[in-house]
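Input: a single structure, listed below in structure tokens.
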Amino acid sequence: LNRVKTLEDDMMETSFNRCLSTIDLTLLGIGGMVGSGLYVLTGTVAKEIAGPAVIVSFIIAGFASLLAALCYAEFGARVPKTGSAYMFTYVSVGEIWAFLIGWNVLLEYMIGGAAVARAWSGYLDSIFNHKIKNFTETHVGAWQVPFLARYPDFLAAAILLVATAFISFGAKVSSWLNHVFSAISMGVILFILIMGFVLAQPKNWSTQEGGFAPYGLSGIMAGTATCFYAFVGFDVIAASSEEARNPQRAVPRAIAFSLGLATGAYILVSVVLTLMVPWHTLDPDSALADAFYRRGYAWAGFLVAAGSICAMNTVLLSNLFSLPRIVYAMAEDGLFFQVFSRVHPRTQVPVIGIVVFGLLMALLALVFDLEALVQFLSIGTLLAYTFVAASIIVLRFQQQKGDVAMPVAGGRPNPEPHEGPSCSELKEYESFSDKLHLVDRDKSKEQREPGQLKAAFEPYLEFLSDFYPGEVVTVAVVTLMVSAICLCSILVFGNTHLHLPTWSYSLLLVLFSLGFLLSLLLIWAHEQQHSTQTFQIPLVPLSPALSIILNIYLMLKLSYMTWLRFAIWLLLGLIVYFGYGIWHSKE
């Protein structure tokens, strides 16, 4: 269950076509993030969850995403392989965890694509005064079932099939299409901002309209959990790193640029929206178009609708772009059905995966309800982010493969001259612990290796120096995760569901915070790798730890139905893994 993936010597060789530049990746990332969220989510959150303080929600969500994004950036530069969170977890934590992350990300992309397609058709419908909806309801019929949509959405299914066809033509075609739609979408956003600030009325934030934060701090935090969904798209950059020309530089840059631009767009658009019309009168389905329409600019509403349709196209493309690649990575490692790892010789994309999952997405969009779907989205993402952050800590304090001493006659083996040491000698050692047993335990060397205690702490933590390098850190990461979960549970449920008296509430908070901080200190007392070649996240282990605690907090804020559906999906995943993956794994 805990075997880790051994990487090839040459990480740049691939059956894909390395054709994407930094700009291509950045636009893919922006396309993935600035989509329906900008046109749909801002209105919904402002009206129902946070009021005008949706701006604060976006700022916090943007910060939480930045922490996660930096982890992705470091990994994407170090391991330029497709598969994003799945691959990163497989390299550092272990197989079953990687499979479950991949399984969740898979569901999340399918739901993301389906939800966007539904929003897309809803928007188009609202331009034509709901003619499509009424036609479908009269001729096909409507049904009242929880989680299912009111009526089958043929338009959404159709757009998904068209997008699938375009994606299967190869990375260059997808990228070019994405450029076109992104350009239109950005033009429209600029127009919204300029026009919106002209129409802004500060009195819409005043107290007689309910004030800036009508739902208080809890509203802002609940809004953050929903807004976080808006930034999900950046992992498309990590998923397409196997198609980047120079991933070591392109991936970190593209992630930074796209996240910065997307956050800016979200914050400014929500400022404009809540200043144009009072927040409690917003139409949650098509807030922006409706706002312009009510201020007497019906033509502007039409432009906004056109822009939003382009933006949703980019999200669809980026979802359909990364999903088959993650499935490909899992199939390539033998954890998922082998048929999905076939790459078409001419277009150099995994065609079978694209077609199968495009059809599945179309089916989802046809019959399921948007709201029930979107809630489900955040949990897989947050879980993936949590594991990637934990993987960063584990990997940073692990020895580089060349440091693993082989028992050679004549003492120390010759260290490898280059950075990425050869892997051939490691193939015979299956698990991580076997590698650890071979570690050279000669303490007299001046230069300490990653995972060993820093010299300054040696006198105080003498008892820890007997462990293998990296072992203490791994245990500390686990305690860190456990204390983060307990701490967040107390924060979220302490006063509401558990009805704790004040003294026990504060005592438990102090205890778990201490556990969290002690694990952090313990990790920090060890040496870490310092690589000059690729991007590294600053302030390890603090920034990944912050990311972990934020993600867990947001996960616990989700509704219990989401957790129930999540558990069912996990069970299905475990059946697939134990029925197929564990026996066919390449490792």
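Quick reminder: no glycine exception, Cβ is built from N, Cα and C everywhere.
TrEMBL labels come from automatic prediction, so no person has curated them.
According to TrEMBL:
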| type | residues | note |
| --- | --- | --- |
| DOMAIN | 535-585 | domain 'Cationic amino acid transporter C-terminal' |
| TRANSMEM | 21-41 | transmembrane segment |
| TRANSMEM | 53-73 | transmembrane segment |
| TRANSMEM | 154-173 | transmembrane segment |
| TRANSMEM | 180-200 | transmembrane segment |
| TRANSMEM | 212-234 | transmembrane segment |
| TRANSMEM | 255-277 | transmembrane segment |
| TRANSMEM | 297-321 | transmembrane segment |
| TRANSMEM | 349-368 | transmembrane segment |
| TRANSMEM | 374-397 | transmembrane segment |
| TRANSMEM | 472-493 | transmembrane segment |
| TRANSMEM | 505-525 | transmembrane segment |
| TRANSMEM | 537-556 | transmembrane segment |
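For the transmembrane segment (505-525), the list of distant contacts is 393, 397, 453-454, 457, 461, 472-473, 476-477, 479-480, 482-484, 486-487, 490-491, 494-495, 541-542, 545, 549: same-chain residues at least six beyond its ends, Cβ to Cβ under 8 Å. Contact check: the transmembrane segment (255-277) against the transmembrane segment (154-173) gives fewer than three Cβ pairs closer than 8 Å, residues 6 or more apart, which falls short of the contact criterion.
Annotation: stretch 212-234 has the most Cβ pairs under 8 Å to the transmembrane segment (537-556), among 154-173, 212-234, 297-321. Regional average pLDDT for the domain 'Cationic amino acid transporter C-terminal' (535-585) in the model is 90. Outside the transmembrane segment (374-397), and at least 6 residues removed from its termini, the chain residues within Cβ reach (under 8 Å) are 67-68, 71-72, 74-75, 78, 84-85, 88-89, 91-93, 97, 101, 104-105, 107-108, 111-112, 115, 225-226, 228-229, 232, 235, 450-451, 469-470, 473-474, 477, 480-481, 523, 526-529, 536-537, 540-541, 544-545, 547-548, 551-552, 554-555, 558-559, 561-563, 565-566. Long-range Cβ contacts of the transmembrane segment (21-41) within its own chain (Cβ-Cβ under 8 Å, at least 6 residues beyond either end) map to 115-116, 119-120, 123, 175, 178-179, 181-182, 185-186, 189, 226-227, 229-237, 240, 244-246, 249-251, 253-255, 257-259, 261-262, 265-266, 269, 284-289, 304, 307-308, 311-312, 314-315, 317-319, 321-322. For the transmembrane segment (349-368), the partner stretch with the highest count of Cβ pairs under 8 angstroms, out of 53-73, 154-173, 212-234, is 154-173.
Secondary structure counts, DSSP: the domain 'Cationic amino acid transporter C-terminal' (535-585) has 40 helix, 0 strand, 11 coil. Within its own chain, the transmembrane segment (212-234) is flanked in space by residues 29, 31-35, 37-38, 41, 44-45, 49-54, 56-58, 60-62, 64-65, 69, 72, 108, 112, 205, 255, 258-259, 262-263, 266, 279, 315, 318, 374, 377-378, 381-382, 554, 557-558, which lie at least six positions past its ends and keep a Cβ under 8 Å from the stretch.
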